[in-house]
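Trainee: Before anything else, here's the structure in question.
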Amino acid sequence: MLRGPPRLLKVSVAPVAALAVALLSSLSRCSLLEPDDPAASALSPYFGTKTRYEDANPGLLPDPEAPRRDPELLEDACTPVQLVALIRHGTRYPTAKQIRKLRQLHGLLQARPSGDGRAGPAGGRDLGAALADWPLWYADWMDGQLVEKGRQDMRQLALRLASLFPALFSLENYGRLQLVTSSKHRCVDSGAAFLQGLWEHYHPGLPPPDVADMECGPPRINDKLMRFFDHCEKFLTEVEKNATALYHVEAFKTGPEMQNILKKVAATLQVPVNNLNADLIQVAFFTCSFDLAIKGVKSPWCDVFDIDDAKVLEYLNDLKQYWKRGYGYTINSRSSCTLFQDIFQHLDKAIEQKQRSQPVSSPVVLQFGHAETLLPLLSLMGYFKDKEPLTAYNYKEQMHRKFRSGHIVPYASNLMFVLYHCKNAKTPKEEFRVQMLLNEKVLPLAHSQETASLYEDLKEHYRDLLQSCGASDECELPKVNNTSDEL
């Protein structure tokens, strides 16, 4: 039986033949990535929010479908009764805006004077010429959509979680899965790919049916939950649309660290430095990451940068995430209160049903969103907070910062709340415990560094957020009292 509105399942159709030609042409000019390729792996830790999940979780490389059980996970007397997971979409294409910038940079390289016989350091063609001839296979229609690697990210995550928590992901519970997603195609498609991975877990070797025909139905769109930032007027006014909100990002772009890279890249590519800017340099760096993540190849763009450059460019990306999604402004995190409270409402309901000896109606809740969904929530909970704010002027002092977006929210990143029912509890309060996992590793509690908490203690710690952080109050702009005499 068809479930859910058809619009949830609408998937864009790419011009496959043209893409195949572009890919083959591109692959012919790029070196296929070896597992221990030093040039690619050297830059991989610095791609920020464009980081591959396996680079943030390298233990998955030998077998990405095998679960890796964190030894800190509760077991024996404690049985998981519910899992609530927030999952960032899988690997995606660049956005149309990024593609336009890359096209601009590619045009600069193609406009260079030709036939001057310039050679690279090894006596071959210079890097600028190689990049000018490199096929620009990215097209506007791609615009941030999920790629096949992203679907694979989700299928493999589903297989690992189903093996790690077999009782929660049992076939009996399949029809009770609850899936929510952002309206963005990459999130809707990520949810569908996750369900396909579960089907593979339940029915090895059988092709999955259409998501609409699966028993649990397709993911339900809820942007007020998964894209809360788009619905918070205070955030939109004071941060998103405020030209000065990202002052430190813009200041760092014109600071000495970025200017040194600008001059170096101009010399390397043999283009006038005045034709380049920090945004073009950043998109060139991201192109190295996109080629690596999407196609598994090391493109010539990776040769433009060394590790010192990569660290500076990572900091530029982290500055943006810090001031727009993290601790830079209070409203960044407070805008996520609705999502935070929604998580605890699921946990509360599961406990209430267990106490009444009823089956848990939603043993698994899966919510598919963005890096911009996860970072504010983690900041709200007090995670990855440095002693000093990240600014345009303390790059060197922040070399060992906690707030590194690529380590926190790579593609397919996930934050999971696991609720346990524990036998032999001496008091009713001790009966229910909770653990959090970030990217499948136990996340110690921000306030105590304990690896597990009594559920009531966790609620008490976050009591203010659960009781006094309402979206209407937090996101409402101060009312301006405009009074005037009417004639």
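Each residue, glycine too, has its Cβ placed from N, Cα and C.
Note that TrEMBL annotation is computational and uncurated.
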Trainee: Identify which of Cys422, Cys469, Cys475 is listed by TrEMBL as the disulfide partner of Cys78.
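Mentor: Disulfide mapping in TrEMBL sends Cys78 to Cys422.
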Trainee: Based on Cβ atoms within 10 Å, give me the single least packed residue among the disulfide-bonded residues Cys78, Cys288, Cys302, Cys422.
Mentor: Cys422
Trainee: Calculate the distance in Å between the alpha carbons (Cα) of Cys422 (disulfide bond) and Cys302 (disulfide bond), and round it to a whole number.
Mentor: 51
Trainee: How many Å separate the Cα atoms of Cys78 (disulfide bond) and Cys302 (disulfide bond)?
Mentor: 48
